[in-house]
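Some features that Swiss-Prot has for this protein:
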BINDING   Cys12, Cys15, Cys18, Cys133  [4Fe-4S] cluster 1 binding site
BINDING   Cys22, Cys117, Cys120, Cys129  [4Fe-4S] cluster 2 binding site
BINDING   Cys55, Cys58, Cys63, Cys96  [4Fe-4S] cluster 3 binding site
BINDING   Cys67, Cys86, Cys89, Cys92  [4Fe-4S] cluster 4 binding site
DOMAIN    3-32  domain '4Fe-4S ferredoxin-type 1'
DOMAIN    45-77  domain '4Fe-4S ferredoxin-type 2'
DOMAIN    77-106  domain '4Fe-4S ferredoxin-type 3'
DOMAIN    110-143  domain '4Fe-4S ferredoxin-type 4'
Amino acid sequence: MKSLIIVNPADCIGCRTCEVACVVAHPSEQELNADVFLPRLKVQRLDSISAPVMCHQCENAPCVGACPVGALTMGEQVVQTNSARCIGCQSCVSACPFGMITIQSLPGDTRQQIVKCDLCEQREEGPACVESCPTQALQLLTERELRRVRQQRIVASGENPL
């Protein structure tokens, strides 16, 4: 069953710990320094509200269809990347409705690297951003759990869902 990261902006304090944890969780893909800091999520701020934004792992991901060389594919849990196939055309960047894909060249390397959330598939503990958030503003939920949370919020708000 597909899992998703949900964010509660009311709990986010904008500390960017999630961004740092993300970079640390992907050390083989970049050097850890201020010049090359490539988190796969970005904390967005609007007035007094902040919230991390990341790939939504769309079911019919427009980025997958936009890539002319198949560097992005649909996996069971996430939109998967294959940077070895990437030609740097940035079609996927343009196609992403959330602006959450970056194409990056690392210093001293001519290859292109696709940078997007992969739900930290390589980590047994799950996404580093979820684990590191000091206020638990991020949660990893299955689609079933997400439906349950949505129903609870509707009931709590007293809204008529119809």
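Placement of Cβ uses the backbone N, Cα and C atoms for every residue, glycine included.
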Sparsest-packed among the binding-site residues, when each Cβ's other Cβ atoms within 10 Å are tallied, from Cys15, Cys22, Cys67, Cys96: Cys15
Under 8 Å by Cβ from Cys58 ([4Fe-4S] cluster 3 binding site), counting only residues of that chain that are 6 or more apart: Val79
Shortest C-alpha distance to Cys120 ([4Fe-4S] cluster 2 binding site) - which of the binding-site residues Cys15, Cys55, Cys89, Cys92: Cys55
For Cys133 ([4Fe-4S] cluster 1 binding site), the one of Cys22, Cys55, Cys67, Cys89, Cys92 that lies nearest, given that the binding-site residues are compared by Cα: Cys22
For Cys89 ([4Fe-4S] cluster 4 binding site): intrachain residues, at least 6 apart, with Cβ closer than 8 Å: Pro68
Environment of Cys55, Cys58, Cys63, Cys96, the listed [4Fe-4S] cluster 3 site - residues of the same chain whose CB lies within 8 A of the CB centroid: His56, Gln57, Ala61, Pro62, Val64, Val79, Cys92, Ala95, Pro97, Phe98, Met100, Ile101, Lys116
Cys18, Cys63, Cys117 as binding-site residues, winner by CB count within 10 A: Cys18
Same-chain residues near the domain '4Fe-4S ferredoxin-type 1' (3-32), Cβ under 8 Å, at least 6 residues beyond its ends: 38-43, 45, 49-54, 56-57, 77, 106-107, 113, 115, 117, 119-120, 122-123, 127-143, 146, 149
Cα within 10 Å of Cys129 ([4Fe-4S] cluster 2 binding site) - qualifying binding-site residues among Cys15, Cys18, Cys55, Cys67, Cys86, Cys92: Cys18
Residues close to [4Fe-4S] cluster 2 site centre defined by Cys22, Cys117, Cys120, Cys129, Cβ within 8 Å: Ile5, Cys18, Ala21, Ala25, His26, Pro39, Arg40, Leu41, Met54, Asp118, Leu119, Pro127, Ala128, Val130
